[in-house]
Amino acid sequence: MAYEPKPEHKFTFGLWTVGNVGRDPFGLPTRPPLEPDYIVYKLAEIGAYGVNLHDNDLIPVEATEAERERILKRFKKALQDTGLVVPMATTNLFGDPAFKDGAFTSPDARVRAYALQKTMRAMDLGAELGAKTYVFWGGREGAEVDAGGNVLDALAHYREALNFLAEYSEDQGYGYRFALEPKPNEPRGDIYLPVVGAALGFIATLDKPHLFGLNPEVAHETMAGLNFVHAVAQAIDAGKLFHIDLNDQKMGRFDQDLRFGAENLKTAFFLVKLLEDSGYDGPRHFDAHALRTEDEAGVWEFAKGCMRTYLILKEKAERFGRDREIQDLIGAYKVQDEALARLTAKYSRENARALKGLEFDREALGRRGPGLERLDQLTVELLLGVR
Ligand code: GCO
Ligand code: MN
Ligand code: MN
């Protein structure tokens, strides 16, 4: 069957995504909760590769040791029965009112210490399930008012926590790679490290920067009005694309977590093309959920839709690469000049002198039409299925 998701495609979902009960700030849940092991069996049935979780998606915060063991046993059995893996784990540092003014960046030393403790325990859980990527989404790491705090303190606390946890991981031999997930706002008025570029800059200030990378999310850069494909390209360029959260989002709205490709098809296309062309071999994780209007059948339609759209776009990207006219246009768009390339590739006194002596026909350069209208139209036609 065409576009059939298989484990080799590395599609993953969070327990919190397909398990989303449809609660929003104005309304109660519209769907009953699904048991974690049931989710695992269903995900396997529809061709997913793995399942990700926050500590409390699986183990309720108030669970006793005996309850923890019972839940874990059932969950592990489901993983074993299905072959599904847990590539990524993370901590819920946002739901508990204790974290209302931040976790790692809270001005309260007790909250910061509790956040570290909770994260170490969640890292233990993730490691037990085989996770190798650990995500830090700092949903509550931010502020509404700047009067009480000091952003510099918050950043220093953040750094201290990440450095601590990286050491913990190494000390335990967990082998985690950490992926920071930026978001500009929601639930805080302003979240620290709001976009991919900010997180990349911050990573360079950590004790062990090589252990840290990014988990960019389509919706988050879009909420900030930025070009997601460009953000991901920058992460790849820096060797920092450790994980990715796929979904969709209208600009200028609340955090919608729409089905992948539901809104900005062209962005989704160039994103899939970038991921596939770049050789990114990590999970394609869908951090999205079914519309609040849907029942459970709608949830699985949503999940299948995310994967199917990805595979369709992957096929379109291959077609784009094979399309003669498109490739010729791209070839003509990129003007090559071997002699000039030799001069500009690397500085030397000779190259600089030669370059300074050259004469350029500025007017001709300005007159050139690069053919982008045609190229873009052909891209649209390819996406619309008429070529
Ligand atoms: C959001 C975030 C979360 C995180 C998740 C993993 O906007 O709510 O995207 O879904 O990805 O908490 O840490
Ligand atoms: Mn999100
Ligand atoms: Mn996310």
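Going from the start of the chain as shown, residues are counted 1 onward.
Backbone N, Cα and C atoms are what each Cβ position is placed from, and that goes for glycine too.
Look at TrEMBL and you will find 41-286 tagged as domain 'Xylose isomerase-like TIM barrel'.
The annotation active site is assigned in TrEMBL to HIS54 (among others). Taken residue by residue with DSSP, HIS54 (active site) is part of a strand. For HIS54 (active site), the same-chain residues 6+ apart in sequence whose C-beta sits under 8 angstroms from its C-beta are GLY14, LEU15, TRP16, ALA89, THR90, THR91, ASN92, ALA122.
For ASP57 (active site), other Cβ atoms within 10 Å of its Cβ number 19. Here TrEMBL flags ASP57 (among others) as active site.
Per TrEMBL, the feature Mg(2+) 1 binding site maps to GLU181, GLU217, ASP245, ASP287. Counting Cβ atoms from all protein chains shown, ASP245 (Mg(2+) 1 binding site) has 26 others lying within 10 Å of its own Cβ. Secondary structure from DSSP puts ASP245 (Mg(2+) 1 binding site) in a beta strand.
A simple way to gauge crowding: the CB of HIS220 (Mg(2+) 2 binding site) has 28 other CB atoms within 10 angstroms, across all the protein chains here. Sequence annotations record features per position, and here TrEMBL assigns Mg(2+) 2 binding site to GLU217, HIS220, ASP255, ASP257.
Within the model, the domain 'Xylose isomerase-like TIM barrel' (41-286) carries an average pLDDT of 98. ASP257 (Mg(2+) 2 binding site) is 10 Å away from GLU217 (Mg(2+) 1 binding site) when you measure Cα to Cα. By the rule that a residue counts when its Cβ sits under 6 Å from some atom of ligand 3, the binding-site residues GLU217, ASP245, ASP257, ASP287 yield GLU217, ASP245, ASP287. Across the fold, the C-alpha of HIS220 (Mg(2+) 2 binding site) and the C-alpha of ASP57 (active site) stand 22 Å from each other.
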